[in-house]
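Colleague: Encoded as structure tokens, here's the structure I'll be asking about.
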């Protein structure tokens, strides 16, 4: 009856506007429209959007131009605590694995005796050294020392590295042929940052009790290796200017876990030229020709630890360097594996 | 009354019996236990009591051949009469039934509208089958059951068949067995979708699938990274995947839960309607009367029905004392009807009298059960707003997938790894999907629903909130929706003039004729006010008694007052109540005036009354009733009848003192006092008047471009009269018949184009083909359908829907329920509505007032507009969320806006402002524009997408990128340095990445910087969204003109900002949401862009206003 019919026909009801199909939407020959617009309509709308976006981009650039006037060419707008970079420098290492092949990898891994393998690694160090060690007399540089010659706003300290060190190109930085790879460790540059020394009081005087307290505190709370503590005392004792000796960033590298420490005992780790980055390099003020000071750390992998992946953590030590393993604050992590 | 009879041929073709009459003495009782207790006898089979018809065919009984009426069967007698036209007529052609002379019936002064025959109603259920052709078995089943002759067979035979006994009832064992066999006497509730299915739908609907896909990608990426890069000790990135995956999954779960909860909440409101107090019925079992739960009734039970009860099932009345039943729910008639066999009365309160009957059908097999079944088998139509939302979801999903795939391909082509590309894909999906929007829309709808509930529109499904706004046609039931479902006096005829009765005061109270009429009206009646209503205004006092008498009483009380006192003063000595043979009502009073003679007052069908009169009172003077007077009487009677009113005649006489004194021994069998000559005093006509607010409401609908159509089961004349009164047929427009009458030609000769209005009878409709219906629906602007069956109501609704109309149906009866269900939005009446109709409806008018629909329409249109704004507002920042990703991929810069920040916007800061737009007031006059065209006026148009994505969204992106570059530069990374830096930037292996000033950044510091930039970008979006929210307030007029009266919106801006602050500055957010505290003035970075957005949009709206219809408006007005 009527009801049934009505229902059926209401189902088959067609909308005149629909049912043309997607093909017709792309190009409708009747209406001459392509994607629902005629050529003229397309041109109009495209011109509108070209003008619109040009104006918008112009507005953006104007804003940015005005803003850029507030920036300084030589120093960042915000420094230290005001900037997000903060006052806690991180630590960097070289050589780095090939990031294209192994993104986010920090594994230094080579086969002993395979030249091409080793060269990939020591070549990086070679390049790095060439870049970082400038010849004496380079404009805007000077030679600094413990005796009070420090970096100024205009002159940066030259990075000095003795050719007599083990970690040189001559030795292929320990990668070839022996299994004693060198890893370059450096402190991140932070504009205006200087290390706070251990054991120096507010009057800029050496205070052994303070040093004792500072170091014990670090040993107790921050796992400062005892060897470093001893090393600092030794350095202080033999130095003529304890304050300048202490104004430095100390370094320590060690296996990360107990197992790693077993695989690579502390005695197998040596530092060149010194186990510290001297304080006269600081502060970094974006001086022209400022080059990062560094420490070469040599890992003498025991024969028994070949083919083992050893996690290594290198840490920088100063009173104002905080440490957090997860966030890699004041430290760097990498792995070594020698086959 | 002057309607031409239908062509005989047509009628006979239909195998119909025509009684040209309408004076059916309704009260014919099928089986009346004689008062002398001599057992059941078939009462005068009253069929032929149907007499003069005043219209063409409503007296006809359409009977399908499968049950031809058995002559003598009581069934026909149940034809009630429409006595409003009281003209006597002759049978059009011979009927097979014995014809008794027409008698004027005035049963207890009650109007008895002409019912469609019971037969017709019984025919209905096959229509059920029609609708679902697939269910042929069911159809057969229904047909078989229809063949019932339970109403026609002898009563003893019925008892035998049901194995019951009128004196003993069923035994408990029988009852139990029957109950087991046929189930509870309750309507099978519509099939419930299991809760978990509902929940699953929410989890998989909308954007959920896309989000699940994103989450799955996250987990895959996490797994892949863990499997292949386990050598990286602190796998910063893969944790993010895990985190993001969990966040995405929880977002889907939570928004799924939310909308499920919303739905469950509105379901619960409905459940409260369903829970009726358990009813009991008095049943005769084992020879004893006992109270039994209605649900336990079985076929064959003998039940007692009493005043105020609901009829518990389909019963056949075997005994009755003035039993009247309100069947309006089934038929659309306004009045309680004297009943014999009762169909389906599960929930009908019945009015007066008592009776006893035998149950002949229970539960779903009752007539009501069948109609309810028809309704529940109809599919729910999809609401316009859900269509819009589906369209919207598919557009946005399409865009998301398009961008996702495009950039997946681009990134793979650019040499990114598969994993990276997958990550980009996740980001793009997250950026593109407005996660919070669907929940926002739900809240907006819920808010509107709440607001509407306060205005007495209860919405059952949230989505139905908007439907009224899209409605183009309203099919309204008459009784109880347009009218008050309460008879009241509308006109009086005395002194040869028709007086309309309105409020007190328009009648000269001192007119002696009026006093005479009022005296009769006051004395001759049994209705009385229920006690304890002293404080209640007259109009609202509850009255005991039938509708017509109540109307008279109320009228008299209002016009004169103190009716009870008046009655007490003039003591009633004797009365003859209305009954089926007399058709009038008489009472004799000791009238308290100087004249010692007793006063006899009488009322009844006008012809009956007039017959008995010799004189007529005119301006207080008694005159001879001449032919001239008779003509005047006829004319007045006809006029009133044409107005669809029910007319009562009144007369009185002073009984001669010699014979009748107060000591006269009154005897029921002695009616010699009727031998006197009476004095005619006047006519009073009654109608179920339209509700006061309805005409305005109909007018509002008209101005809003909505067609209002009346679809009623009531009589055409009544329907037309009410339609005219409420404006469904406007004053100037005439129907074909009216034109014919005016021009004095037959209806066939009238040019149909001249007629703008039409009153279509159910019988005509029956003959219509689908094309005929289409033509009629299209041609006439003003249509009234009368005498329609539930199935026809359905057909009409479908007819409109076929033409692409969005149909609202209002109704209260069971007979409306299929149409309510089929309609795009069914509106049931909260007070008078039957449960079945409420079940089938989408919306319930708590005050039963048609005018509330106008509120609904306005709110519906408003919410559509506001949802559009809401969607626009929410979509705008989508592009600002997407652009960072594109730049990240294409320029290889650090990610300017993190995925978590995107979620913070979509699910955090954006939500409340978007919701606040639901509180916006209408922009243009909502009720003065045409309903939206569902094919053109989409919720999401290409203009909206182009404007929000292409323009405002881009401005926000620029604002965000500006903040990003500024913060990067201030911290050391100038824009030039950032290009191409992505790989080192994102690699934890680089613990010493140099910036433009030679500083070296650890991975941790870089990520903090990146997160700070992302936070700044986020804040920039928030700032731009301030402006965007303000411009969203209006689509055309100026914001300044619109004003800032929306305090929720103002609050939303504050809230949004506060939330952004909390996200920024709460300690711990850096780890939880990667939100970093910002320097205060970084908040200002986006301000120039926000101002630009505001100015640009004001400009756009100015151009649109200045150049309506221009290319600019075409492209940029959403």
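Note: Cβ is positioned from N, Cα and C throughout, glycine not excepted.
TrEMBL annotations: computationally assigned, not manually curated.
Look at TrEMBL and you will find B:47-66 tagged as compositional bias 'Polar residues'. The domain 'Cation-transporting P-type ATPase N-terminal' feature in TrEMBL is assigned to B:149-223. If you look up TrEMBL, you'll see B:38-73 marked as region 'Disordered'. Under the heading transmembrane segment, TrEMBL lists B:203-228, B:240-261, B:392-416, B:422-447, B:870-891, B:897-919, B:944-967, B:1014-1032, B:1044-1068, B:1080-1096.
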Colleague: Go ahead and report the DSSP secondary structure tallies for the domain 'Cation-transporting P-type ATPase N-terminal' (B:149-223): helix first, then strand, then coil.
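Modeller: Counting residues per DSSP class in the domain 'Cation-transporting P-type ATPase N-terminal' (B:149-223), I get 44 helix, 1 strand, 30 coil.
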Colleague: Does the transmembrane segment (B:897-919) reach the transmembrane segment (B:203-228) with at least 3 CB pairs under 8 A, where each pair is 6 or more residues apart?
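Modeller: No, the transmembrane segment (B:897-919) and the transmembrane segment (B:203-228) are not in contact.
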Colleague: Do the transmembrane segment (B:870-891) and the transmembrane segment (B:392-416) share at least 3 Cβ pairs closer than 8 Å, excluding pairs fewer than 6 residues apart in sequence?
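Modeller: In contact, yes.
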Colleague: Which value does the mean pLDDT take for the domain 'Cation-transporting P-type ATPase N-terminal' (B:149-223) in this predicted structure?
Modeller: 80
Colleague: In the same chain, which residue numbers or ranges, 6 or more beyond the ends of the transmembrane segment (B:1080-1096), come under 8 angstroms Cβ to Cβ?
Modeller: 951-952, 955-956, 958-960, 962-963, 966-967, 1016, 1019-1021, 1023-1024, 1026-1028, 1030-1031, 1039
Colleague: Please report, as numbers and ranges, the same-chain residues at least 6 past the borders of the transmembrane segment (B:944-967) whose CB is under 8 Å from any CB of it.
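Modeller: Here the qualifying positions are 395, 399, 868, 871-872, 875-880, 883-884, 887, 896-897, 975, 978, 1009, 1012-1014, 1016-1017, 1019-1021, 1023-1025, 1028, 1031, 1082, 1085-1086, 1088-1090, 1092-1093, 1096-1097, 1115-1116, 1118.
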Colleague: Near the transmembrane segment (B:240-261), which same-chain residues lie under 8 Å Cβ to Cβ, leaving out any that are not at least 6 residues past its ends?
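Modeller: Apart from its flanks, the transmembrane segment (B:240-261) reaches 198-199, 202-203, 208, 211-212, 214-219, 221-222, 225, 423, 426, 430, 435-436, 438-439, 442, 899-900, 903, 907.
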Colleague: What same-chain residues lie close to the transmembrane segment (B:392-416): Cβ under 8 Å, and 6 or more beyond its ends?
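Modeller: Tertiary neighbours of the transmembrane segment (B:392-416) are 206-207, 209-210, 422, 424-425, 428-429, 432-434, 438, 871, 875, 882, 885-886, 889-890, 939-940, 945.
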